[in-house]
Each structure stands twice: as C-alpha cells, then as structure tokens.
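S.K.: Please find one structure pasted underneath; my questions will follow.
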Amino acid sequence: MTVYAPPADTPNADTASARPRTYIEAGYTLRSWLLTTDHKRIAILYMVSITGFFFLGALGAAAVRLELLTPKLDLLSADGYNRAFTLHGVVMVWFFLIPSIPTVFGNFLIPLMIGARDLAFPRLNLLSWYIYVLGGLFTAYVLVAGGVETGWTLYTPLSTKYAPGHTVMAAAAIFVVGFSSILTGLNFIVTIHTLRAPGMTWFRLPIFVWSHYATSVILVLATPVLAMALILLALERALGIGVFDPDLGGDPLLWQHLFWFYSHPAVYIMILPSMGVVTELVTTFSRKRVFGYEFVAFASIAIAIIGFLVWGHHMFVAGQSMYASMVFSFLSFLVAAPSAVKVYNWTATLYKGQLDLRAPLLYAMGFIGLFVFGGLTGLILASLALDVHAHGTAFVVAHFHYIMVGGAVSAYLGALHCWWPKMTGRLYSEFWGRISALLIFFGFNITFFPQYILGWLGMPRRYHSYPPEFQSWEVLSSAGAVMLGVGYLLPLVYLLWSLFYGPRAPANPWGATGLEWRVPSPPPKHNFDEIPVVTWKAYDYPPAREEQG
Amino acid sequence: MTSWLPFWPASASAYADRVDLLVWAFSALIIVLAAPVIIGMVWFAAKYHRGSPADRSDAPTRGFWIEADWTVVPFLLAMIFFVWAAHLYYIVRTPPDGAMEVAVVAKQWMWKFQHPGGQREINELHVPTGQPVKLTMTSQDVIHSLFLPELRLKMDVLPDRYTSIWFQADRPGTYALRCTQFCGTDHALMGGRFIVQEPRDYEAWLQASAVDGTLAQEGERLFRRLGCSGCHGMNSAVHAPDLAGIYGTQQPLADGRFVLADDRYIRDSILMPKRQVVAGYEPIMPSFAGKVSEEEILRLIAYVKSLPREGSKQP
Ligand code: HEM
Ligand SMILES: [Cu+2]
C-alpha cells in the first residue's frame, strides 16, 4: 500500500516561478529564521521548541509511570520521583499547555484569519519567542543542576524553607516565560482590534479568533499576579522576608491564594484556545456553520470573566472559611454553564452536516468526548462534600488530564493536522492520521480512567509508594500510557515524512471558507497581495449562505 | 476489600454512606448530561458522513430556545447537587458540642495524636464508635493534609494555625490514614492506621496505654514549669489576667475590639503576646516562641480550657 503518492511536481525548481514565493522560500539561512519578524515563521519557531518541551515533559511522565508499576519505591529515589513529577508538571504547564495553541496556531492563523499582513507588533512577537527560549534555558539549567521537588504548585512553606532543590531558578524560569505570555497576549489584543480587514466585523470573526481574544485578556490580566507572587517567593527564600513564613508572622496560605488566582484562570488559558480550534474543526469538516455562533462567541468571554472568581475551589480543605467555600463552589458551577453550551453546540453543528471523518475531525470528536467527561468530573470536584474526599488524590490527576491532555493536547494535534497543509504546503497520510487519533483516544482512556477509580479508592497523588491493593489499576494505567506514548510519537514520524514526500497541498484542501484558505499553501510572505474586503459571514457554508442578510 | 480490581472504598460511618449516595446520584447526572453528546456524535457520524444519502434539508444553524434550554436545564440540575453537597459540607464543618477532642500534630513525616486522657500515639489513631470526635490539628513544619478515606474526610494541617474536622465513626475496623498534601521527600510514607473500636475495646485500649495525667493535667504542670503561673496565678503580685473561664468568651482588647478566646487566640497569646493585649493590662508578657513546642501549646490550651468559670465550683 503506498499512502504517499509521489508528488506531481518536484519542489521549487520549475513550478516555483508559477507560484508566488512562499514565506518558507523567503530565505533559507538560519539567520533568516532567527531574525524573522514574519508571524508565520515565528509560529514555526515556536512549534519546534514546544515540541521539544512536550517530549521533555513526557520523559518525566514516563519515569513516574514506570515507578508506579510496583507499590514499592524501586526505580527512583524518593526525591528522584518528586523531581520527576515536578519536572513533568512545570514543563507541561508552562512550556507546553499555556503557550502551545496560542503561540503556534494563534500566531500563524490570526493575521490570516482576519485579513492582516502580520501581527500588530512583529518585532515584539519575535522577542516573545526569545523570552520563551530564555525561560526554557533556565529550566534546562534546573534540570542539569539537579531539579526541584516542590511540585509545580510550589506550595509554601515547603518551597520556601524545606525543599533543598533549585526552587529559585525554577521560579525564575516560570517568571520569564510568563513575560512571553503577556507580550503575546497584548499583541493579539491589539491586532484583533486594529488590523481586521475591511468588512471583517466582530461578528464575522472565526470563533478561533474570539477564543484567542478571550485568552489574551486572561493572559494580560492574570500573569502579572503570578509574576508578583513568584518575586515574593524568591525573596522569601533568599532573604526570609516573612510573607509566607508563619515563624516570621507570614501567612502560609497566602501563596495558595496568589497562585490559584493566576492558575485557575490559567486553566482557561489552556482550554479556551482548544475550544476555538475544535469549533473550527467541527464546522470545517461538517461543512456547516457553527450552531449558535453568537452563543459560542459570548461563552468564551463569559468563561474568561467568571474564571477569575473561582480560585478558592482549590482550597476547600485548606482551612478557608466555610462560607467562602460555599461561594466559590457556587461560582464554579456557574462557570461550567457556558462550557456546557459549547459542547452541545458542537454536537448540534454535526447534525445534518457533510461529515468528513478525517483525522482532524476525529481529534475534535475525541476532544469533545474527553472534555465532557473531564468537565463533569470537575463538577464533582466543585461540589463541596465530594471534593473533601477527592481533593489531593488521583481523582484530581484524572480530572485535569481529561481536560488538559484529553482536551488541550487533542485539540493541538487536531489543529496540527487541519492546518499542516496550509503551514507546510504538504498533505500527510490520512491513514496514519486516523490511526494516531484512535490510538491516542483509547490509550488516553486506559491511562487515565483508572485514576478516577484509584482516587476515589483513596490513592493520594504524588505518592511514590502505595498500598499493594491499588497495583492492578496502576499497571493498567501504565500500560495505557505506553499506547498513548506511541500515539504521540506517530505524528512526529509521518508529519516529518510528509514534509519531504507528501503530495503538494492545494490552497484549500478541505473546502473551508476561512480567509486563511483563500491564500496559497504555504502562504506568501505578506499573506495577501491585496487586503481582502470581507462581505460574508464566518463559516459561509451552503445552508448558511441562503439565510445571509 | 481485597478483590483483584477494587472499585469502591469501604465506608466506616453513616456520613460516608451519605457521601456515597451523593456520588452515585452524581454519576447518574453525568451519564444523563453526557449521553446526548456521545450518542449524538456517534449517530451523526454514522448518518451524515460525507456522501451518505441522508436528508440534510433545513439544517438549523441557530435556535434561541433550544440553546436556552440546554444552558438552563443542566444548570438547574447541577444546582440541586450544589445544594446537596454544600449541606453535607456544612455538617462536617460544624462539630457538635461535647465531641471528644483529640489533638493532632503533623510533622515531616509522621502523625502525632494525643487523647483527652493524655494517651499519645504515633501514626495510629484509636477512636470509639458512636462518639463524635473532633480533631484539632496543627503542623510543626509544612502543610500536610489528614485523609481518612473510609470516612470520606480530609482537612489540611497548617503550621501556625488550628484546623479541625469531626466525625462519628460507626463501624469498628482498621482503616487507612494518609497525608494528601505534598509535604516533601517521604510524603508517600506519611500514613498510618485509623482504628475504630467498640467503646469497651477503646476503654481497654485507653487503660492499657494509660499515662500519668490527662492532657489538661500535663498542661497544668507545664503552666507552672514555664512560669505562667507566676503572673496568671491566683495570688500573683503581677497584674495579669486571670485565665479561669475565659475559653470560649469574648475578650475585650486594649484597642477596643473584642476577640473570641479560642485555641488560636490562646496560641497567639503565648507566641505573640503583644499583638492582642487585653484591656486594662500592660503589655508585659514575654513571648514563648521557640520555647514551647506545638504539642506543649496544645496541652496548655487543654489546661486553660479546663479551668472553671470564675465563681462557679468545679463539679
Ligand atoms: C503519557 C502521557 C502522560 C502520563 C502517563 C502522565 C502521568 C502523570 C502522572 C501519573 C501524574 C501525577 C504525578 C503525581 O501526582 O503523583 C501527572 C501529573 C501531571 N501531569 Fe501528566 N501525564 C501525561 C501527560 C501529560 C501531559 C501531556 C500534560 C500536559 C500537557 C500533563 C500535565 C500534568 C500536570 C500539570 C501534572 C501535575 C504535576 C504535579 O502534580 O505537580 N501530563 N502526570
Ligand atoms: Cu504530609
């Protein structure tokens, strides 16, 4: 079976003159990449570095899962284990989940989707990437120097007084990478406000752009709080200023408030862009307008705003007042409502569509299934008496992996498959794309479903040894992780392959309606020879076309 | 509960049963809310895949009422569960009067318990059935969290603060006791046994581990040894407040405010006496920070608590 038909035209040589020069052909030297201000090239720089961090984080997960195969501590040392899951958490959250979709796909697609030639501040965009890399170097230093054993949440006073590892350096890495986020967020907000093409009104924007707008607002408002908290943490550790240390009159819970004030909204930083991606995938591959476009757009904004008010649901058993807990629980239920809207709207979008069951749609449907499950178990955690039991156990690990790995990583991969032809000008193997989507879906469930049960049985998280009766579930989980790992490695192989051997992609391989599909694949350096004038609604698919006003 | 694939934790109290009932109901809710999505996706994928002859006329792209329905109905359903769960939480956060109090001190990486009669144990907690028990907890170093899975209960244990949980265990047995707040190197080993006994057996256990004094008596000895009695004693020449009967009352402060004399207040008064000075007294009390351990403070609190109200006779 030859999945890869030899390309009809050989790269570059004779056909190049017929096509406009693509952004990739705009320069071939390393320098032309490292000094580029083209949003598309910067997106590629991000893609390469983020992929590296993803596999670094995966290494930490592999160590954790191997250790947990047996009830006893036998592979790593106790601190070795603690360092492994801290590395895994820090890298996955700050160097993969938060930046991934915005910096890769937001960067590449937002200007194309709104009909602009670049982001509002191209040089700032490049600077953001360098800051990201600098933060990454700090992390690499921590890794080489021995690691940190505080968990990614860095709870005080453990992190300030009792953990011997390189906590200050790790905090510095997070601090630095936060600046990269802030700059990216600012850039997106200004771009979406000022650079929309004529006729591209707010209600003609793709949902992808709406969700990035909402995400950027959170990035800009929440990240500074984290930055401030990290400075306090570093000062406390270095100088003992007594903000968190109870012996000096500080408050050990203050860190948790500051941390979650950022990190709860950060969960939406991780998931809103994914929701944007999934909305695009669902409409594109069912060739139908998003059901309830306005609802879906406003739901993003509602989630972003209410998301700031629920941080206390991480602290139901931390000793905050009972009434505070009740308010936070109520608000958490409230924020779930707009998320539910989205899920039902996606499903309704599929109704009576022309469903093209390719890899991107499979990823999107996988996302929806896992997100529903992760979201509803989130409601369990938002329910006071149930959280009292489930908090701090593997149940929580299962919940956030359903949202962030089942959700955000599936969406990232769905986006990768959908826009790969646009970014690279090459088609990948549909067969292997579907295989990887299925492997990831099933591997994921085998890995993480057992953790719901383990957690409810009373298995705490961050344990290197555990009661032997839990072993069968742990083994099942590790077996699933192998399958999941293979699922994640496959795209690396066939996508790289397609770069060299894949058939050339037409401008619009999926028959989609967005502006980005109206320019050649890959797009020329300045995106549009002439700035388009938009006269149609977003998702202008046939049935919608008739009701056009 | 040692089946090959254990599925549900044992339950040692009526409260735990109530939590379990809520979880079963919640699971039903999850299925009800998720089913339309999962069935819908699979069904549409089968029926409307590209090139299928299915009828696609009048495909809707919006519908205010249906959207309002699927926003409001799940939300209202979820609200029932919010109230239900909040009610149970209210119960665990409001201990009944007269609960037996056990003092808990956590440290990297062990649990120390002390019973009202003074009996001490490490990484093991014995309690009688049918008797409300309140744990008053504090930590010597980092934040820990006491988890009693068979009671569906947990509470963080913080340095410099008292937190508490209460429960009434109903079924004798030996259960788990774990730490669920990551607390450093041996976090995973910071566990023990939670032993629920019939009252007779518990009595027997208390006798077998008898000590030479109750918590309050130990506190009284400390009160003398540390020199507290020199100022706070009945016949002392120094002008210091009499501690008899203050526990649980509102104390007037020099700055005009009032403060509830609870565990936390007494602890603060020992460690940071200048912070809250009682009206009418000079701030002359020295701080005992660094001179008393958390366990000693708990004993002192027990002693102060045991002092009868002024004028009333001890029964
Ligand atoms: C094969 C895939 C993965 C496996 C097997 C895995 C496994 C685990 C396990 C067992 C833990 C819990 C450690 C503990 O609390 O004892 C954990 C924590 C975590 N994982 Fe994963 N994980 C995987 C993928 C991911 C991905 C892709 C992300 C994000 C993109 C992620 C984000 C996190 C985070 C944020 C934590 C919390 C770390 C902490 O507790 O400090 N994981 N993971
Ligand atoms: Cu602990």
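Positions of Cβ are set from backbone N, Cα and C atoms, glycine also.
Annotations for this protein, taken from TrEMBL, read as follows:
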DOMAIN    A:33-535  domain 'Cytochrome oxidase subunit I profile'
TRANSMEM  A:43-64  transmembrane segment
TRANSMEM  A:84-114  transmembrane segment
TRANSMEM  A:126-148  transmembrane segment
TRANSMEM  A:168-192  transmembrane segment
TRANSMEM  A:213-235  transmembrane segment
TRANSMEM  A:255-278  transmembrane segment
TRANSMEM  A:290-311  transmembrane segment
TRANSMEM  A:323-341  transmembrane segment
TRANSMEM  A:361-386  transmembrane segment
TRANSMEM  A:398-419  transmembrane segment
TRANSMEM  A:431-455  transmembrane segment
TRANSMEM  A:475-497  transmembrane segment
S.K.: What mean pLDDT does the predicted model reach across the domain 'Cytochrome oxidase subunit I profile' (A:33-535)?
M.R.: 94
S.K.: At least three Cβ pairs under 8 Å linking the transmembrane segment (A:84-114) and the transmembrane segment (A:168-192), pairs spaced 6 or more in sequence?
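M.R.: Counting Cβ pairs under 8 Å, at least 3, so yes.
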S.K.: Are the transmembrane segment (A:475-497) and the transmembrane segment (A:43-64) close enough that 3 or more Cβ pairs fall under 8 Å, when only pairs 6 or more apart in sequence count?
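M.R.: Output yes: the transmembrane segment (A:43-64) sits against the transmembrane segment (A:475-497).
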S.K.: Under an 8 Å Cβ to Cβ limit, what residues of the same chain, 6 or more beyond the ends of the transmembrane segment (A:475-497), are close to it?
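M.R.: Answer is 4, 51, 54, 58, 61-62, 65-66, 68-69, 413, 416-417, 420, 428-429, 432-433, 435-436, 439-440, 442-448, 450-451, 454.
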S.K.: State the residues, same chain only, that lie 6 or more residues beyond the ends of the transmembrane segment (A:290-311) and have a CB under 8 A from a CB inside it; answer 'none' if no residue qualifies.
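M.R.: Contacts with the transmembrane segment (A:290-311): 203, 205, 207, 210-211, 213-215, 217-218, 221-222, 257, 260-261, 263-265, 267-268, 272, 275-276, 279, 282-283, 328, 331-332, 334-335, 338-339, 341-342, 345-346, 348-349, 351, 538-539.
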S.K.: Are there residues at least 6 beyond the ends of the transmembrane segment (A:213-235) whose Cβ is under 8 Å from a Cβ of it, and what are they?
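M.R.: Result: 102, 106, 154, 156, 159-160, 167-168, 171-172, 174-175, 178-179, 181-182, 184-186, 188-189, 192, 241, 243-244, 255, 258-259, 261-263, 265-266, 268-269, 272-273, 300-301, 303-304, 307-308.
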